[in-house]
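Below is one structure, written out as structure tokens, with a few remarks after it.
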Amino acid sequence: MQKHLLTIAVATITGSLALSGQAMAEQHENENGQGNGQNQQQSVQEAQGLYATENIMGSDVYHVDDTDEEVGEVTNILIDDEGKISALVLDTGGLWGIGGDEVVVGLEHFSVETERDENATFGEGATIHRIMVDATEEELENFPSYEEDWFDEERSRLIEQRGMRGSAWQGEGVSGGTWGKEGGVDED
């Protein structure tokens, strides 16, 4: 069952990352006056198929207009009830990973560039991701801080927005129980 849920999560992440990359590339080109179809086709990266979160976590984050300006590192990936990526949490500022702030960067503000080593074996080192954001390190200071209050408010907002629809995390045909008061699963 855990493997099935992981498969659903990875498949959903794949679609979300591919779409966010294309949308951000098109938006960036339109803002720079390069909005013709040929340029858009060249800038959109070929989809990878599946993305492993372990390869994205810890990825360096760069400003889209200055690819040498590292503005942070991915520390978390936020996924909504539909199994889609909602945002990335970035560690910004600080020196050598100390004293930085964690900020929430929505899907509309980032894209993923992927480099694959075709000679590498499956796993670590086979895929490297660069996350591109449309904000400088200074601008990221104005993004929401990743804190418990923000998380609780955002979760409540999304639940209200979504209504009483079920969660994508409940697969069809999977039998199970409900979470009990004792912290375990009560069989139905």
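Each Cβ is built from the backbone N, Cα and C atoms, and glycine gets one as well.
Not measured: the values here are computed from a predicted model.
Listed features, source TrEMBL:
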COMPBIAS  173-182  compositional bias 'Gly residues'
DOMAIN    54-111  domain 'PRC-barrel'
REGION    22-45  region 'Disordered'
REGION    162-188  region 'Disordered'
SIGNAL    1-25  signal peptide
Express the predicted model's confidence over the domain 'PRC-barrel' (54-111) as a mean pLDDT, rounded to an integer.
-> 87
Count up the helix, strand and coil residues in the domain 'PRC-barrel' (54-111) according to DSSP, in that order.
-> 6 helix, 36 strand, 16 coil
